[in-house]
Amino acid sequence: MTAAQTDAAQTDTGPTAAAPRPRRRINLHVLGPILALAALIALGAFLNDNFLSAGNVQNVLARSAFIGIIAVGMTFVITAGGIDLSVGSMAAFTAGITILAMNAMIEPLGVSVFTIVLGMLVALLTGLAAGMVNGALIARVRIEPFIVTLGAMGVYRSLTTWLADGGTLSLNFELRSLYRPVYYDGPFGISWPILVFALVAILGELAMRSAPFGRHCAAIGANEQVARYSAVRVDRVRMATYALLGLLVGVATIMYVPRLGSASGSTGVLWELEAIAAVIIGGTVLKGGFGRVWGAVVGVLILSLIDNILNLASIVSPYLNGAIQGVIVILAVVLQRERKAED
Amino acid sequence: MNRRDIFKGAALAATLTLGAAPALAQEEYTIGVAIPSATHGFMGGLNFHAREAIARLEETYPQLSFVLATSGDAGKMVNDIEDMVATRGIDALVVLPFESEPLTSPVQAVKEQGIWVTVVDRGLSVPGIEDLYVAGDNTGFGRVAGEYFAENLESGDNVVVLRGIPTTLDNERVDAFTAAIDGSGINVLDMQHGNWNRDDAFNVMQDFLSKYEDIDAVWAADDDMAIGVLEAISQAGRDGEMWVVGGAGMKEIVKRIMDGDPMLPVNVTYPPAQIATAIELTALGLVSATPVSGRFIIGSQRITPENAEQFYFPDSPF
């Protein structure tokens, strides 16, 4: 991997190659996602004056937070050579359980901050437990992650529909009013989802770069046998990646529930694909071995911005939104991968 | 818990009645009901009303038994229908086709075996297969909403529209809406797809609000989308500026209309209970000489604070 990158930098043409070997640090592989993001921001600002307004920036960042928080966890799973298709359904299920738990706690505890804190705890535990079940089936029972999480995706989706009896689970109205500021407000005018997203991203980046956990994930993803011989506790690390992702789904749910105060069978549909796409756009290798948390953050922002710009600009038929998204996603990846094709 | 039991109950009741058939004097009939599973609010309501109607009819007509199948996709629906015919010997089929094209020839095959066919909501792609067609009125749905906009807005007022999932059904509604406000001078600023989804509608409405300084009304075209729209408006602090018209008569929205919420002046029905109409008419046709073949289009009505009570079903999930 690293060798391939060095080669890529050397065969580079133009200013990069002419400069006295800055190598690796500045190449398209790293800059690709950032360039794409910068281009989108420039395009958005050009098309609409309100694009860079505080309100719109806040909106885009806050709505990116759910998938963003999940994508950070997904980066570790994919880096370790796994995949998790269940996160969207898991988020819906966790949201459903959280709402039911909070509604049930109103009777004994009343409409209070305590009820909400307990509800948040339920969300975290549900997410963690769901992630651990995935992890156990993959790491201990050794079933392919694709199959385990595909199965789990169906299970959580139908459990949510069943819990809601085909309709919508809604949080008690007064409790919702109390809980609402968790999505809409925050210190210094920055809403909580943005802060939590930033915190999760920073911690994730540190864990990936500087902590043994991140290195172990990359080692397992690159070559499981070698990792095993290098005394990496493969099963435990692999289990931990899914548990961490589950926990982060719980965190995302805590931010999601106060937004609309409801969950239904159509909550979180396709979040898993958006999260996976964001991770890959950011430069993480889908087959594992190399992960980049900040890249996933950039990837999520790219995906959200495309939607936002299409809505703000409405220059093309809305029927084509999906096509434009698809093209931009592929372009963002092509930008960073074109050097690799030569290897 | 509840719905599982009802499924079991329905299956059990059907088996019992079949087993006990010779003991009864009256002629026995089995009606198969195939509908999409409850993946979103409207289908949840539809499932609810289907079960209610079946329970009610089994009570009223002991000689009738029912097989209810809910399918997550068109392929499974075809399998379910084939199973009903092969193993349960149904006398009539009530079907809400998951998609028109893939279901057309399987339903045609059912019809060719001399089984009564009632098609609900989405028509088949070949006309004339069904004995009875029961549906909501999509054109009316758009028109009734459009008429309210035309009556209550001035020339030059601005509206934004949230569309559903791109389908012919959505097109029919939007075309009728556009035709109804035509000539009124109302200015449609923008139309985007909210996919009949709360979260998508929330995002789209947030962007509409960033983009347009002056919006006087929103046609959200669906109550799930209306919920997302209302939340986005209240986040932007622009509650007093505009009103919202949803559609389909979700109970939470109907309740707010009943309570006279100024942001939700009216709603337009597209009743999930149409499945009950279809099942009842099919049953009536079997047990009596009442003629029930033909087309039954359930009009889209305007729900206002005055009449909201009759559209409010607190027990339904939708």
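Note: Cβ is positioned from N, Cα and C throughout, glycine not excepted.
Just so you know, TrEMBL annotations are computer predictions that nobody has curated.
Look at TrEMBL and you will find A:1-20 tagged as region 'Disordered'. If you look up TrEMBL, you'll see A:30-48, A:60-78, A:85-106, A:112-133, A:145-164, A:184-206, A:239-257, A:269-286, A:293-310, A:316-335 marked as transmembrane segment.
Distant neighbours of the transmembrane segment (A:293-310): 33-34, 36-37, 40-41, 43-44, 47-48, 51, 56, 59-61, 63-64, 67-68, 71-72, 74-75, 197, 201, 204-205, 207-208, 274-275, 277-284, 316, 318, 321, 324-325, 328-329, 332; these residues of the same chain sit at least 6 beyond its ends, with a Cβ under 8 Å from one of its Cβ atoms.
The recorded stretches the transmembrane segment (A:60-78) and the transmembrane segment (A:112-133) do not share 3+ CB pairs below 8 A when only pairs 6 or more apart in sequence are counted, and are therefore not in contact. Against the transmembrane segment (A:239-257), stretch A:112-133 shows more Cβ pairs under 8 Å than any other of A:112-133, A:145-164, A:269-286, A:316-335. Counting C-beta pairs under 8 angstroms (sequence separation of 6 or more), the transmembrane segment (A:145-164) fails to reach the transmembrane segment (A:316-335), with fewer than 3 such pairs. By the Cβ criterion (under 8 Å, sequence separation of 6 or more), the transmembrane segment (A:269-286) is not in contact with the transmembrane segment (A:112-133), since fewer than 3 such pairs are found.
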